[in-house]
Amino acid sequence: MTFDDLKIQTVKDQPDEKSNGKKAKGLQFLYSPWWCLAAATLGVLCLGLVVTIMVLGMQLSQVSDLLTQEQANLTHQKKKLEGQISARQQAEEASQESENELKEMIETLARKLNEKSKEQMELHHQNLNLQETLKRVANCSAPCPQDWIWHGENCYLFSSGSFNWEKSQEKCLSLDAKLLKINSTADLDFIQQAISYSSFPFWMGLSRRNPSYPWLWEDGSPLMPHLFRVRGAVSQTYPSGTCAYIQRGAVYAENCILAAFSICQKKANLRAQ
């Protein structure tokens, strides 16, 4: 082994001072204040980033909930709107049906009105014809005046008010008539039937001054005994005289001053027949 070989080996065995110097400088850099500050800043930034991500996640969750709620509200509003639209459609359909029914009703009423108008026109024509007939009939005289009852040769009027015998006589005279006079059994039967509906007394044209005098009619003719018998106070004497009235088919005598209904009688106008 030569000297040069030992030198070379010695050189190889010596440590690399430059490399060790670099390592020492690197460790010294790691423990420098600037590196610690940078690491702390980076940690704070990472922590802030994590917090930001968490906050954003929470906000995203809230936004998602709001979107879900809003979607639910929109769905509810949609259903509500659909229900309103459906109700409106049903209302329109019902309105259309009502309108159709109303049209049919109007058409029916119009048809009935037309029919009624035709009937009214026919009735109007019939009324005109009836008026013409009444005019022709009016030119002919009736046997008895209005409200009088015709029987045989006479007309009879039954009064609606009660008066004494003398006042009743005046009433009949004002009507160009006299109080009732019965000339036959047929007349008696007719009067009895005519007043059978009533229980009131009716004055007749039969009277006498006192019991010693005969019963006389207004025209002075005497009562025929076979027609009827006068009942009641036939033997009584009254200052105003005794008069006869008919009630329930029988004839009675009474004070002429008392009030009763009356029956007027006059001749019928048979020339119109």
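Note that Cβ sites are derived from N, Cα and C of the backbone, with glycine treated the same way.
Feature annotation from Swiss-Prot assigns coiled coil to 64-123. Swiss-Prot lists Asn73, Asn139 with the feature N-linked glycosylation site. The feature region 'Neck' is assigned by Swiss-Prot to 58-150. The topological domain 'Cytoplasmic' annotation in Swiss-Prot covers 1-36, and the record cites sequence analysis as its basis. Under the heading topological domain 'Extracellular', Swiss-Prot lists 58-273, citing sequence analysis as support.
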Mean pLDDT over the region 'Neck' (58-150): what is the value?
80
Number of Cβ atoms other than its own within 10 Å, given for Asn73 (N-linked glycosylation site):
10
Of the residues in the region 'Neck' (58-150), how many are helix, strand and coil by DSSP?
81 helix, 2 strand, 10 coil
